Amino acid sequence: MPIYFLKRVLYVIPIALAVSFFCFSLVHLSPGDPMDAVVSPDAPSEVVAMVQRAYGFDRPLPEQYGRWVLRAVQGDLGLSAANGRAVTAEVFSALKNTLLLAFAASLIGFTLGCVFGTLAGYFQGSLLDRLVTGIAVGGVSVPHYWLGMLLVIIFSVELNWLPSSGAGPGSSSDWNVEWAYLRHLILPAVTLSVIPMGVVTRTVRAMVADILAHEFVEALRAKGLAERQVFRHVVKNVAPTALAVMGLQLGYLLGGSILVETVFSWPGTGLLLNNAIFQRDLPILQGTILVLALFFVMLNLIVDLAQARLDPRIQRG
Amino acid sequence: MVYKKTAQTWHWAAPVAALSLGLAALASTTTVQAEQTLRIAMTASDIPLTTGQPDSGFEGYRFVGYTIYDALINWDMSSADEVSGLTPGLAESWEVDEDDQQVWHFHLREGVTFHDGSDWNADAAIWNLDKVYDEDSPQFDARQAGNVRGRIPSMDGYEKVDDYTISFTTSEPDAWFPYQLTFLLFSSPAQWEALDGDWDEFARQPSGTGPFKLTRLVPRERAVLEPFADYWDADRVPQVDRVELLPMPESSSRTSALLSDQVDWIESPAADAIARMESQGMTITSNPYPHTWPYQFSMLEGSPWRDINVRKAANLAVDREGLETLLGGLMVPAVGTVNPDHPWFGEPEFEISYDPDEARRLLAESGYGPDNPVEIKVLISTSGSGQMQPLAMNEYIQQTFSEVGIELEFEVMDWESLFPNWRRGADHETSLDAHATNITFGWLDPFAAFYRFMHSSMAPPNGFNWGYMDDPEYDRLLDEAKVTFDQEAQDALLAEFHARMVDDAAWLWVAHDVGPRAMNPRVQGFVQAQNWFQDLTPVYIEE
């Protein structure tokens, strides 16, 4: 067991290096000059050269990569080309906001998904089932940005109930569980929750319908169990699959959503990436992609280790 | 009080919030503003650099430049009726040396203090110049240097004369030097020292001499400005208690924020949302300002623009009034780089109007016709600072051009790719063999309006003469204007230059922007100057 864990942890090192190389290459292969983010086009060539030196953009790419990785290992992802601030602080500040949004969206999406899926599964073929299935398909199909703008028009512009942008009346660094801040979270969280809600609804519905068709359910009922007790058995059987799907969906949400965060000016990693793309801010792009990618690597590591813990057969394999 | 009541409501409703069913009952929050706060949604995606020399182009100067800081010479933004001129700022007066036209003397304003209470004087001025020009000085900041040095191309040297006098030396006699100094803003040396020489920390706690001081900075989210009680200019004391600057690059987000009362003022509202905003009682302000939306021609071998008939035909083929209708009236037709009522416009003989028959005749004279159209490729952007609505406008031009026999092909790129190409020139590989580029610009001063585009010495990589215009007469007039220190005589030379430019149909001139802004009707006192920059000090909120 310890050897498996050690091996699995050590695998992370080459994966992380490959991820860092991919991030660096991807960003540098894209068109655009990082100096465009730093100096105005009026700047004479000697000023451009001076700023290039200051930011290290005058070094050969392999050297830039080496320096970047060495600094990254120490937690320093460099300075933003667009604003000169530390990339590490920028990324983690944005990541905190994305996590908040992702967990809020998960709460809404998973709760509704489980409720809708269970209802549809129990009343398969009914009008309710068709309605819920329609909502689920709509949820999976509807474009995020369109729904976001629609909700803004209805709830912000027309009804003036909820704010359309930002993380709160102060800023995201002041965020706390108060209505003044929570109301800023509702529209982006609802928008982001629609896809996981649809996916979870469909999964749970299919699983509930499948479990209900099993003979053991009939046997439980024949033994005289109350419907509530039968329901508990159904839930227990549905739970592993539903949890796996929810885990995957949570992973997607944690990656941030460029479109939703941009529509709502939510200061997360999606908005950070969007702005960095338009500003040609290569250090921010590299840093954000690296942190998000490593986040997934670590998430996968945790899942693998947890699975191995639960199912010893995996270690032998 | 209202806020507290709402919070209690939330506690009651929390258990069911996940289902989002109680929204209607919960959402009746009304924000009570005990103080006058002006909330502005900018188009920038971040708070511009607050250390002194802002980034984010002219929007940076507009909101965190001329609010927190002063230049030696400021822009006079008090009038909406004429193009803004210069006015004394941290210098009370200035003059060119009687014996040497490359030397300027500036007499600094006395009794001015920075926000931290330290004094403004010649030492502070020299310290700031070292900040951007002396790479060996401890306060040198590459970032600020990169933002400003290109805007002051004539600077060659500077020195302290006495406690309230400094001198500048220019690389050549340059009558336009005072305009360039409007971009050099002055930060407090004492504050920088107090913050252990850390410019990042200074960005959070800046200290200038401007009418506002920055009291809070949340990167990417918000900057808060409050009035500086000891500001030296009693006529420009801020009327509001706070200004909140919010970066909001998406125009739809800005529109929604205004309509849902999250902000009071938005920059550059989308043209298609203006009718909607007006119908909801919002105020739309606009005023022409020194901005031009042109096609800058390539004069390289093989370019169709080398033929003056083609250039004139193009200028006669654009239905500018139709375009104005397309933009909901938010433009002024351009018949030159500057407006006809500007002192630099001159008296050109070629009258630019919509005359497709004359355009067809001119093209026929050069051998073009329905079977042999002029084929032209133009670099355009999908969006960008000052670009107005580039796709719709270019498609409109494409349509009107086709009616006279000019076939337009576009190379569409994002703004961040098109803009740097400007200085690389028509023969650069990134120009993709295009015959024109569509980049808008500001013409606040003669260098920005003409010299950098039209003087042969400004060919890439020295300047923005993208199309390699090389005309000795243009060079002569510009060289002469540059060393003419008498304003009237200088204006006359520039008018002669501009008239010649129009007679040559040197560019295709299409539109001048009018800088639309949308505001809640509570916002009062705003005077929209004919300038890229605006004064926030007279603005107040009507309760």
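Cβ coordinates are placed from backbone N, Cα and C, and glycine is handled just like the others.
The domain 'ABC transmembrane type-1' feature in TrEMBL is assigned to A:95-307.
For A:9-29 (among others), the entry in TrEMBL reads transmembrane segment. Taking Cβ pairs closer than 8 Å, the transmembrane segment (A:9-29) reaches residues 61, 64-65, 68-69, 72, 282, 285-286, 289-290, 293-294, 297-298, 301 in its own chain, all 6 or more past its ends.
The annotation transmembrane segment is assigned in TrEMBL to A:99-123 (among others). Within its own chain, the transmembrane segment (A:99-123) has Cβ neighbours under 8 Å at 129, 132-133, 135-136, 175, 185, 188-209, 212, 242, 246, 249-250, 253-254, 256, 260-261, 266, 268, counting only residues six or more beyond its boundaries.
Feature annotation from TrEMBL assigns transmembrane segment to A:135-161 (among others). Within the same chain, residues 113, 116-117, 120, 187-188, 190-192, 194-195, 197-199, 201-202, 205, 257, 259-260, 262-264 sit at least 6 positions outside the transmembrane segment (A:135-161) and bring their C-beta atoms closer than 8 Å to a C-beta of that stretch.
TrEMBL lists A:181-200 (among others) with the feature transmembrane segment.
Among the features that TrEMBL reports, transmembrane segment is placed at A:238-264 (among others). Long-range neighbours of the transmembrane segment (A:238-264) within the same chain, counting only residues 6 or more positions beyond its ends whose Cβ lies under 8 Å from a Cβ of the stretch, are 94, 98-99, 101-102, 105-106, 109-110, 113-114, 117, 143-145, 148-149, 152, 164-166, 187-188, 191-192, 195-196, 199-200, 203-204, 207-208, 211, 270-271, 273-274, 292, 295-296, 299, 303.
The annotation transmembrane segment is assigned in TrEMBL to A:284-306 (among others).
Sequence-distant neighbours of the transmembrane segment (A:181-200) (same chain, 6+ residues past either end, Cβ-Cβ under 8 Å): 100-102, 104-110, 112-114, 116-117, 135-142, 144, 147-148, 151-152, 155-156, 162-164, 166-169, 174-175, 242, 245-246, 249-250, 252-253, 257, 260-261, 263-264, 266.
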